[in-house]
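> First the structure, then my questions, so here it is.
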């Protein structure tokens, strides 16, 4: 991409607060964006070949939405935790295996999407994200849903297409959790904690494509209670 084209993009972004440059084969985060740290509210650099984010990413104090899906990121800099106004962070289709501890400082974050990365463990340190509504960890290699999931404020957690064979009982204590997606994992019927059915807020539990027939769920203790929540939610949105 030529300098003049980039310059035109930057000039437009200065006015709009939006910088979108997708599918251009970029191998580096555009350094010229440093000039717009005071302006930018939305950045989308999806479908490029960017391997790392610069430390100056932390200086975009007004950034609300950052999408950098389908690149080649293997890690994130600690400075990403400085984005105090960030509400949406989309990192799908990279090569991330873990998150920096500073991610827990993103106090405004509502959506964190990490689908299609290389996580083998459920990322830790997300319990401090008090505004988090949606956490997408689908298409990774996670095997266990650990007890610390109970610390999350998320309303929806998507764990479809992992390698999960174990789900903690504590998941029922996740205070705002309404939607739990566990499709296409390695779960036996006996691995589903009954407390999700009997004692949680979950009104949509999707478990298709595991090692049991979904209709066998009907025989589990607490299934009727779960169905009451499921039906009530459906009526609300009908």
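Each Cβ is built from the backbone N, Cα and C atoms, and glycine gets one as well.
Relevant sequence annotations retrieved from Swiss-Prot are reproduced here:
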- 10-36: repeat 'LRR 1' (REPEAT)
- 37-62: repeat 'LRR 2' (REPEAT)
- 64-82: repeat 'LRR 3' (REPEAT)
- 83-106: repeat 'LRR 4' (REPEAT)
- 108-128: repeat 'LRR 5' (REPEAT)
- 129-152: repeat 'LRR 6' (REPEAT)
- 154-173: repeat 'LRR 7' (REPEAT)
- 174-199: repeat 'LRR 8' (REPEAT)
> How many helix, strand and coil residues does the repeat 'LRR 6' (129-152) contain under DSSP?
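Helix, strand and coil residues of the repeat 'LRR 6' (129-152) number 5 helix, 5 strand, 14 coil.
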> What average pLDDT does the predicted model assign to the repeat 'LRR 5' (108-128)?
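Over the repeat 'LRR 5' (108-128), the predicted model scores a mean pLDDT of 98.
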> Count the residues of the repeat 'LRR 1' (10-36) that DSSP assigns to helix (H, G, I), to strand (E, B) and to coil, and report the three numbers in that order.
13 helix, 3 strand, 11 coil
